[in-house]
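A quick write-up on the structure given underneath.
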């Protein structure tokens, strides 16, 4: 499975691509897309959309793992991050790539074993899991952490989705015939 992790932000949008499964994850790519604060908002959003669309087309991930947006204390920051989040959703929908959201505590627990882990512990586990010596950007590190989290959770999510679909089909009378 190929997963693109995304740490959404308007000034800095982290991207990290991994492939494999939870036991054998391989690092393929990471980058932090940066927009200039002097750019007008439409230009910033257009740049993020164009770059993300290009990367989705080039790398063709099976899924996107994005940081679930938590309530932020500063309304202006929340608004800007929300706009970047919307651009990510649009680009993924256009590319036909499913999005899975994970909260910060869920990512920390998945990688370190505790939801109270600090940033350095998460970065250490990302580097150790992927065999990376240097990660120069926290946003890209967060994106890789999100991708690894999805690799760990994907098998369980797929099973849950199949069971839910079977339950819906049974309730509506559309259950497949058993032979």
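Glycine is no exception: its Cβ is also placed from the backbone N, Cα and C atoms.
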Candidate ranges 54-60, 61-67, 68-74 [criterion: Swiss-Prot lists as motif 'DNA-binding loop']: 68-74
Between residue 7 (active site) and residue 67 (active site), the C-alpha gap once rounded to whole angstrom: 6
Overall pLDDT for the motif 'DNA-binding loop' (68-74), taken as the rounded mean: 70
Local Cβ density at residue 142 (active site) - other Cβ atoms counted within 10 Å: 27
Close in space, distant in sequence - residue 139 (active site), Cβ under 8 Å, 6 or more apart: 7, 9, 12, 13, 14, 32
